[in-house]
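Participant: So TrEMBL says this about it:
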- 1-114: domain 'Plant heme peroxidase family profile' (DOMAIN)
- ASP34, THR37, ASP42: Ca(2+) binding site (BINDING)
Amino acid sequence: MGKLIDKTIDNSYANELKKQCPSSDMASVTVNIDPETSMVFDNQYYKNLVVHKGLFQSDSVLLNDDSTRKFVEDFANDQELFFESWDQSFMKLTSVGVKTGDEGEIRRICGATNA
């Protein structure tokens with residue numbers, strides 16, 4: 001089993017993740033970022049963070065950082081607030097133009113530029 005970098009993660013959740021991940025660094029495993037309601041759009045991700053069940057170290061930083069902790073707690077406690085904030089953010093995102101031609105590209109593989 002592999003080692004987990006995030007020392008703030010819930011022990012039982014960490015053990016569950018270790019069981020799902022092979023010891024080989026070469027293996028690829030898909031793990032749900034939200035193990036509770038992975039097929040539902042809701043605020044469970046934030047509830048998970050509050051109980052230290054964030055999948056990535058960057059997730060736990062959201063709870064541990066003074067500038068973002070209140071957002072995590074508010075979204076965890078108020079699903080409607082999360083929906084409203086997500087709606088506003090998504091609308092803002094749709095106003096950003098897609099770069100095409102010489103300005104950018106739509107990548108076939110996210111981690112690599114198109115050849």
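Just so you know, glycine gets a Cβ as well, placed from its N, Cα and C.
Quick one: how deep are these features, and who are their neighbours?
Facilitator: Around ASP34 (Ca(2+) binding site), the same-chain residues six or more apart in sequence whose CB sits under 8 Å from its CB are GLN44, TYR45, ASN48, listed in sequence order.
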Participant: Other than ASP34, THR37, ASP42, which residues of the chain come within 8 Å of the Ca(2+) site, judged by Cβ distance to the Cβ centroid of those residues?
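Facilitator: After dropping the recorded site residues, what remains is GLU36, SER38, MET39, VAL40, PHE41, ASN43, GLN44, TYR45.
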Participant: Using DSSP, what's the helix, strand and coil tally for the domain 'Plant heme peroxidase family profile' (1-114)?
Facilitator: 53 helix, 2 strand, 59 coil
